[in-house]
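Annotated features, as they stand in TrEMBL:
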type: TRANSMEM; residues: 67-92; note: transmembrane segment
type: DOMAIN; residues: 73-204; note: domain 'EamA'
type: TRANSMEM; residues: 104-124; note: transmembrane segment
type: TRANSMEM; residues: 136-158; note: transmembrane segment
type: TRANSMEM; residues: 164-181; note: transmembrane segment
type: TRANSMEM; residues: 188-208; note: transmembrane segment
type: TRANSMEM; residues: 228-248; note: transmembrane segment
type: TRANSMEM; residues: 268-289; note: transmembrane segment
type: TRANSMEM; residues: 301-320; note: transmembrane segment
type: TRANSMEM; residues: 332-353; note: transmembrane segment
type: TRANSMEM; residues: 359-380; note: transmembrane segment
Amino acid sequence: MPLPAVYGAVYATASSATPAGKIDSGKKAVRHLENLPLLMASDSLQALSNDGKWLPRFMRRTVARSIANRVAGLILVSTSAFLTSCIATLVNDDTFKLPPVETLFWRSLVSWLITLAAITATGDKIRVKKELRRALVLRCVTGCIAMTITVFILQKLALSNATAITYFNPLLVFVMSYYFLKEKPSVATVGCAVICIAGAVLVVRPAYLFGEKDSTDAKWYRRSMTSIVTSYLFGESLAISCAVVVVFMQAGTYVSLRSLQKVPHLAVMHYFLFTTTLVSLVTLLITQHGKAKTFTVDLKLETWGAILGTGALAFAEQLFLTRGFQFDGAGILAATRLLHVGFEFAWGMLILGTVMNTWSAVGAAATAAGVLLLALPRVLNHWATKRSMRRMGLPSAA
């Protein structure tokens, strides 16, 4: 966005938010302005903070805070990716011997109960405005479908071709956010996202690039032959079809999360985790119908410790994810989420005893490099803005 247009947008927003066009009244204008710069380019925000001495003091602080929020968004989503990898590692550990659907149910239930406790402690309201309910329903439905398919089918089949397909969702997020949210990414941003995707694909080493012998299918092939449903031929077709569905569902999840930036993050988490808990319970009752026990969980302390631990991690992961998407563009943060692939690779070597593969190591490094390249201009802009605010004699944003 050109700098004159930024000036005009800031002035118009502030004027419309205050009576009689007075832009120095404060609170209502600040609320409008805090959301406005999120759709601007980072360079425009920096220019506005450097050359905006004519602006009222509260508007300068708002611009600086918006730049800081972009950095915070990347940090929060990166942390959520780290926690996602921790959950996946705990679930793959031998201590955790529960069926995937039951694991999802207990994890969702625990994290939902923690969310309710957090809402009670903070006093946040869970009532959502009518115009935002459609986006909230989309977030709950698409997120629940993506998670259920991933846990119930993709993780069970564990075919590298299908797994690699799911990592292309940031590209679809860029397209959807451009059309629905009017977020126009720069060429450099898309390039960094492509680096993240390429790195994630190298970590999983799909068979269509590396062949069956050198792909990660080698250690999963025997398990995928255990039944007709998970046979290699039919299982791969099913997995790839489900992977395509997951790509669209995840893209819808990220775009809807971004559009819910004005809704309290705990409220968004409450509805999503409640939906996931309910759907996983229904799925569990259907799959266990006619069996002696619906729940296979025992009373061992280590089992319940693992359930509570993964539930607490899932709460923190959703907290960082939901809050992070309130600060920056959907496409950028969707690419940042791919960090979990590199983290899972590292945990596999350090904890699960996975043998290191050179291509996977290069892929993990490439994903991290892509995220760092996404973060670098935001960090530089943040530092430049803090220096500019100090020169103006104003306290800089945190």
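Cβ coordinates come from backbone N, Cα and C, glycine included.
Whatever TrEMBL says is automated annotation, not expert-curated.
Sequence-distant contacts of the transmembrane segment (164-181) (same chain, six or more residues past either end, CB-CB distance under 8 Å): 150, 154, 190, 193-194, 196-197, 200-201, 204, 206, 240, 243-244, 246-248, 250-252, 254-255, 258-259, 329-331, 334-335, 337-338, 341. As a quick check, the transmembrane segment (67-92) and the transmembrane segment (359-380) clear the bar of 3 or more Cβ pairs under 8 A, pairs 6 or more apart, so the two touch. Contact between the transmembrane segment (268-289) and the transmembrane segment (332-353) is not supported: fewer than 3 Cβ pairs lie under 8 Å, counting only residues 6 or more apart in sequence. Between the transmembrane segment (359-380) and the stretches 104-124, 188-208, 332-353, the greatest number of Cβ pairs separated by less than 8 Å involves 188-208. Within its own chain, the transmembrane segment (301-320) is flanked in space by residues 76-77, 79-80, 83-84, 86-87, 90-91, 93, 95-98, 103, 106-111, 113-115, 118, 265-266, 269, 272-273, which lie at least six positions past its ends and keep a Cβ under 8 Å from the stretch. Helix, strand and coil residue tallies for the domain 'EamA' (73-204), in that order: 108 helix, 0 strand, 24 coil [DSSP].
Taking the domain 'EamA' (73-204) as a whole, pLDDT averages 89 in the prediction.
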